């Protein structure tokens, strides 16, 4: 075996197996790469090698193992080797009191993609020198802080001496820039801003670091405060100068540098806008600018530094910041200090009196943290530091122990490419550099690191025009590189002589090279990169024999149609090993000498259950199962004459026994047996040897002596009983003595007086409509001596205003089951996850609680199992308020109350319920009309809350009373004080009555979900809330249905809600055990809140039927089978349908003559084919059609059937369901006109559920926590076509909350919400738009719906000085919402306009107007010239325009009539909504059916997007339905076509490549097909297209996967009977474009929500949308949540199409597309982004459609902004993304091509 493992072939095989198992199959990257040279090959992957052997015939670029296995000589394999060499390594000396690292120098060279690791050691001494520099805010508000600092000199010096014996201390002060607006620039204020103060300044180094503490305090005494004007201070200037001016400050080289930053204000930062007025726009140069007096001199010329700059410079100079700030500014610095790897933050008191304690605490905290960073790292190298022993903090630093050497692991990796560019194609400075690996407190390791990008040596030694290449090419790296026009291995084949294919024809075939290759100069060059071989390419290397699905058992390779096995393997499919290693037994022999080894397996000579199948050894486990027991009786009778076989039966034993003095040890024999003899109670032993099956001549060895126990000591028993009785007597005396002492202490005045417990209040008045819960926390106080523990028992009685009420209720029915509420305090702390239902921790504890409590309470007769178990915390519970409180409910008879109470008190007193630990002293047991409980006062606790139930019932009196009473103190010496509490609950007028529609509902198990409507009758239009829960009856939770519980909240105006309960499939065992019993369960409403009341019925019974499911499963069979023979029954008479709700229709009829056995109802959506109808079976002449679409027309008919078959159907009846409130409107879009004016638009609700009649827009101010400030203003838009609003006079720099909701005939739907601050959004370079037919509202106006102007047909002229636009008196109007474009011809003509989505208006013009419809979404344009002469000529648009639009390539061509152009009204735009996909109910989300619907196609301008006349359009949707784990049904809708269809073509293949399968369907009426033999868990792409006489139409594409469980050994074989579901992969997230310059942009996206495999990276394609250039591709590696790519080299005003798709382990996923244009405006400082719209004459492809919501799974509309972005702030408004930018990133982007290495928080870049 050792020799086998040492074989070089085995090592090679292991290398191949390991490389094949790597992620992404890295071995194939070298093989699949299309390279032309050795250097290109080496750069493909770190494992790639190149064979330079001239005689080598295989692929030269492959892994080293593969080229060696293919026959390349070892000396001809060229591999670039990486290296790592330590150049300086001085060992750490722990006796030195300074920081040290090891090693100090290192040189490393890595191949692209390669990673090397090494160990890095850091030592920090116990005590090190400290430099402490105090930087203090000297604004006037810090005057008291300065006074205190002057007085605490000795304390600070004392603390420093405790920290270290070697320290220095310095002091600096700062205020702000002496400029507007930071400082008051009046002369008198510049001289003395405050009384007795110094002139304002920016920063001054007052005291450099010094060891002389006395000198420090003397200089500090002379300092005076200064002042400035605005609140934020200029501390960032001071911090930067303190860091870079090392000589002026006095920082020492080997000391710990601490910078104390003390302030009570926020800070200015780079580009925050404060310096604009003073003209300070230059960036900080990061240099020292202190004069001789220590003052900062460049405050008037340089901006503040940024946060990343400070982080970098402080780390570079080993400076650790300590932020000592007051509560006022704590929130600013709480986030700021997290950007520093090692820092501290402390709360400074208002007068800085605690600064010494704060410094001491911060120093000890900082000393325990160490940060290691890689500085000056080139772009091509990545460094990561980890540790196996040290823990990382939130900021990335390590927790260390000073005085010990810390060991760290450094991972250095060379990246392969950056933003799609290979690292070897980058600049030299990006490939190599000197990396400084630096710890926080000391100097670090210097690494000379580089990426290996050298050329292959063989390419430098090439033979130019070599004779080996017939002087027609260069010989290089073992092969010829031919000149142009020549090919072949020796360049002997001219590319012009490839026509003769006769030598490449195989006998009997008509295709050259068997159709698998290309004939070149009489030789076949096979396709497939080695797949096909042979002289005629006749051998397919994928067709060799397989074993377990693996080609050649993965132990060989396929060559010439046969398996060529690796060494050590043989057989037709390499499935037989030559080694006998698997046949070696435990003794080292072959098959134990009882068989022979063949093909790696032992074949035993004889079959026996005692031998194993592997090595023919004795199966000892089989022997031991009964061997000792079988021999026992015979050994007992022969050796001792006892046992069950003593006497004559002993002669039947077929072996003899032999008595011996000693037996062999157990490990030396087959079995060692011991048994006890029943006659004398002694133990005898014997052994079994041989093969374990004694024969007639066998002998069993028996030990002569038995082992007997000594005589028992019976006299000990009476003594133990006597001692036990004595102990019980002593305990009884002690208890009596303690009770007597307790009684005596109660009589003493000193012990009894004041030690009392009682309620805090004696009366509470509650109003039911204001109550948010059904309980009340009643405080109970303890006064006097708080030592010791007291427990108090209490009770509460309901309805005390009705005497005898509780007694009468209890005597109604003693055996009736009622719910009892139980609360206990567990002996474990409460966590956040315990209070979240559904978490794993909560579920585990719930199961533990219910199991133990059920075990205890089952001893009470009639008690059911617990339900509704929840966990919470109890505030004001003394020292145990962090413990977990469990609330649960158990059903028990009404008469069991006392038994439950006694049992609960007993178990609480014991502290456990079975194995569940509980805290003694607390419980609550709630019955129907009363409750009892106990609370505990721990030692030192003065107040606890008693949570009492309030018994809220719908039948309560308008004013009911409850009485809480403290009963006694069972534990403790306290006496009861205030014992009674009266609670009065006043019931006012309810806001609404909530109930079910009916008391009983019937559902089918096949529906999978039971939908139970809940209605509210509104009395007062406010909020109402009720709780709901399910209860078992004959149906059982988790077996027939999934139990649910929760709360329903009705908002104002809502009258209808729906409860959904998931139904479970009936298991076979359930159907056998429970038979045909009707399953039913209850849904109960309870606990009304916010003034709600429960109406009748408040309990609904849900009956689960099985017949409907059977009927529905037979729909296809019934519809496909021929009609049954009709009997004598006639058609049902007078069919009548009436809508019973938004999703229900009541259908009834009169029975026909005869005796019908039942009726069959057929119904479908009006307009659909009758073949898609649903069938229902009914025994009575009426039926309830449920689960329908709201506001939808249905057709239905009915027939009767009897014993002889069906009768004729009745006449057709139509009925429309009622309306239902619409869903929330589509995404909100904001067009920011100025800082106080915005244009708000929204999309129609996805589910209109009726006819939209109006929209309501609300907006109002919000604070930083997004909470409303003041009332919201409302605007009613009563024209549903107007989905746009212009809002003026908003407050500048203030965030607003906007909400939009829609209304139809059923009422108002839910709101769509967005919060936006206009000041943070980029402004459009355009004038205020004039928006026809758009409401314009004034934010400063009054309330309600009165303060807005609605302009329908008038043209608006808005002077710059006017707040409101004026109304034109033009009388020309347009109807039906059409829009006129004005074509100006003079400077005075009005040409501004705004086009909205289906929003129209008129414009004045001196020329003839043409009617034209705009189809873009929410865009604003400024047109200066637009001409059109006739229908055939194209219009012109000049360069002078600006757009910010979204792509709508499906433009609408105008139809010209009477000099005007208009759009046919039958065309519609928009995305598919659920209501448009008829035939599939919206509520039936079946997991085995997926619909892929596209946008309705519309032709674009200039060209007909549907192609030639008569060519079919694209099928409008694909529907996939799983039929099994390997088969599915593909359906589609018939496309539109002007000619008759001839048939369809369905193509499908694996998404990651594979054979294309095509199915031709000649029948145009067949719109579905069943596809079999698919692979489970593999993604397939399907394409469907239609054919007419004019040709094939465009195809509809969809990707689908059948997910199922597979066999572990055969991943392509599904497990029989396992579940299967469908899934479809998603595309990457919405594309976000950001302009960087006129010729470059940044593209970012989010990872797909559901990719088809593990993501390896992304592929980005960029090409001109209208052609004209080659496509460019970029690769982005990694799976970051948000990826981005900078694309340079673009052209202005040219539309580009971008595609992004994820590269996964399964191949490439679906694409996300977007078309974008970088458009420039004359005179504008920056470019802006736009998308192509229908107003241009550029012909766009019709498939580039855009959906106006980012929730689409096919395409997305990118929300675009002009200007530059920093990816830190995100605004979400209905799925759209926008990003904010800072000035810092503007300048950096223009200089570094869009690279940004540090993210920033919006707290520091937004004011």
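From the backbone N, Cα and C atoms, a Cβ is placed for every residue, glycine too.
For reference, Swiss-Prot has these:
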BINDING   176, 228, 230, 232, 233  Ca(2+) 2 binding site
DISULFID  41-61  disulfide bond
DISULFID  469-480  disulfide bond
DISULFID  493-521  disulfide bond
DISULFID  513-524  disulfide bond
DISULFID  526-537  disulfide bond
DISULFID  552-563  disulfide bond
DISULFID  565-574  disulfide bond
DISULFID  583-597  disulfide bond
DISULFID  591-602  disulfide bond
DISULFID  604-616  disulfide bond
DISULFID  637-650  disulfide bond
DISULFID  682-708  disulfide bond
DOMAIN    29-73  domain 'PSI'
MOD_RES   773  phosphoserine
MOD_RES   1071  phosphoserine
MOD_RES   1121  phosphoserine
MOD_RES   1386  phosphoserine
MOD_RES   1389  phosphoserine
MOD_RES   1405  phosphoserine
MOD_RES   1425  phosphoserine
MOD_RES   1776  phosphoserine
REGION    194-199  region 'Involved in NRG1- and IGF1-binding'
REGION    1119-1141  region 'Disordered'
| request: For residue 773 (phosphoserine) and residue 469 (disulfide bond), determine the Cα separation and express it in whole Å. | output: 93
| note | Going by C-beta under 8 A and a gap of 6 or more residues, the same-chain neighbours of residue 591 (disulfide bond) are 583, 585, 597, 602, 603, 604, 615, 616
| query | How many Å lie between the Cα of residue 41 (disulfide bond) and the Cα of residue 232 (Ca(2+) 2 binding site)? | reply | 58
| query | Between the disulfide-bonded residues 513, 524, 552, 637, which lies closest to residue 61 (disulfide bond), Cα to Cα? | reply | 524
| message | Using a 10 Å radius around each Cβ and all protein chains in view, which of these disulfide-bonded residues has the most neighbours: 469, 526, 708? | response | 469
| query | Three-state secondary structure of residue 513 (disulfide bond) from DSSP? | reply | helix
| Residues close to Ca(2+) 2 site centre defined by 176, 228, 230, 232, 233, Cβ within 8 Å | 139, 175, 182, 229, 231, 234, 265, 268
| Mapped DSSP class for residue 233 (Ca(2+) 2 binding site), helix or strand or coil | strand
| note | Three-class DSSP assignment, residue 176 (Ca(2+) 2 binding site), comes back as coil
| task | Give the sequence-ordered list of residues that share a chain with residue 552 (disulfide bond), lie 6 or more positions from it, and have CB atoms under 8 Å from its CB. | result | 544, 545, 546, 558, 563, 564, 565, 573, 574
| How long is the line from the C-alpha of residue 232 (Ca(2+) 2 binding site) to the C-alpha of residue 708 (disulfide bond), rounded to the nearest angstrom? | 95
| request: Provide the three-state DSSP residue tally for the domain 'PSI' (29-73): helix first, then strand, then coil. | output: 15 helix, 7 strand, 23 coil
| note | Cβ density check for residue 524 (disulfide bond), other Cβ within 10 Å (all protein chains) comes to 25
| field | Cα separation, residue 513 (disulfide bond) to residue 537 (disulfide bond) (Å, whole number) | value | 5
| task | From the disulfide-bonded residues 469, 480, 513, 524, 650, pick the residue whose C-alpha lies nearest to the C-alpha of residue 228 (Ca(2+) 2 binding site). | result | 480
| request: Return the single residue from the binding-site residues list (176, 230, 233) that has the minimum number of other CB atoms within 10 Å. | output: 230
| note | Those disulfide-bonded residues from 469, 480, 493, 526, 682, 708 that fall inside 10 A of residue 513 (disulfide bond) by CA distance are 526
| Cα-to-Cα gap, residue 521 (disulfide bond) vs residue 230 (Ca(2+) 2 binding site), nearest whole Å | 86
